[in-house]
Amino acid sequence: MCTGLRFTDDQGNLYFGRNLDVGQDYGEGVIITPGNYPLPYKFLDNTTTKKAVIGMGIVVDGYPSYFDCYNEDGLGIAGLNFPHFAKFSDGPIDGKINLASYEIMLWVTQNFTHVSEVKEALKNVNLVNEAINTSFAVAPLHWIISDSDEAIIVEVSKQYGMKVFDDKVGVLTNSPDFNWHLTNLGNYTGLNPHDATAQSWNGQKVAPWGVGTGSLGLPGDSIPADRFVKAAYLNVNYPTAKGEKANVAKFFNILKSVAMIKGSVVNDQGKDEYTVYTACYSSGSKTYYCNFEDDFELKTYKLDDHTMNSTSLVTY
């Protein structure tokens, strides 16, 4: 399970990232893919990268398999678990841009600068149920894609095929589908950041005991529906911040509030599900911030002239 988040600051700079909530770590680390790095495809012609990319992931046979990544132009994408709903094509379709589902991360960040361009191109994309190699299964994912102007959600399901949704609340979690989550927000329209006031109930004065009464009923558990509601509510109501430091703090404050704490969720395999890492990319400074469940120190990595022009992957 996972939570994705995006917002902009008072200058229009994007802050975008995610929690990765799983039952184990995968040996993931920060990866910078420079320009002119080999980029193989399953169904398209092999090529080389045109834009530098930074994000978290693992390297598989020289291929940077990202969990979330961001290009030098400020366009980013994160893949989140979408179990029971994700259904990719059984094979390539003539006349379509055929991508193995894992390839969408680098295809998006290599070919586009703006979400509007991605939305148009996706009309001709077919995502194929093809793993990176025989050691890996196909992950049932959906994706949040964002620049500083807007965000979209991309889902492929058996019932609806590929659907692209505008994401005005700047949040994504897991199943059910995104449209269900938007509908569910209607159950929480009574939430308000302002405290309730004293009332008279048939002559009996009834007054709140303390602060926070306006948000009474805000979910706090770890199911995807409730993480979506809480993250969306906090994202909408958190004041717009000024400066990089304040906005990075804002980002981590929101996502840590929906983090899965080790020991609080045990999956059907008997493993703890927990937030392995939290990460945020700042488009203004081209900086990737992250910390881990077992190491809360905030680490920073930058796309700069050295890393963007490296002759090989830069891994940390």
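Cβ coordinates are placed from backbone N, Cα and C, and glycine is handled just like the others.
Annotated features in Swiss-Prot:
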{"type": "BINDING", "residues": "CYS2, ARG18", "note": "deoxycholate binding site"}
{"type": "ACT_SITE", "residues": "CYS2", "note": "active site, nucleophile"}
{"type": "BINDING", "residues": "ASN81", "note": "taurine binding site"}
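Of all Cβ atoms in the protein chains displayed, 28 besides its own lie within 10 Å of the Cβ of ARG18 (deoxycholate binding site).
The two recorded residues, ARG18 (deoxycholate binding site) and the residue listed as 'taurine binding site', have Cα atoms 12 Å apart. DSSP assigns CYS2 (deoxycholate binding site) to a strand in the three-state reduction.
The Cβ of ASN81 has fewer other Cβ atoms within 10 Å than any other of the binding-site residues CYS2, ASN81. Each residue contributes its Cα atom, and for CYS2 (deoxycholate binding site) and the residue listed as 'taurine binding site' those atoms are 7 Å apart.
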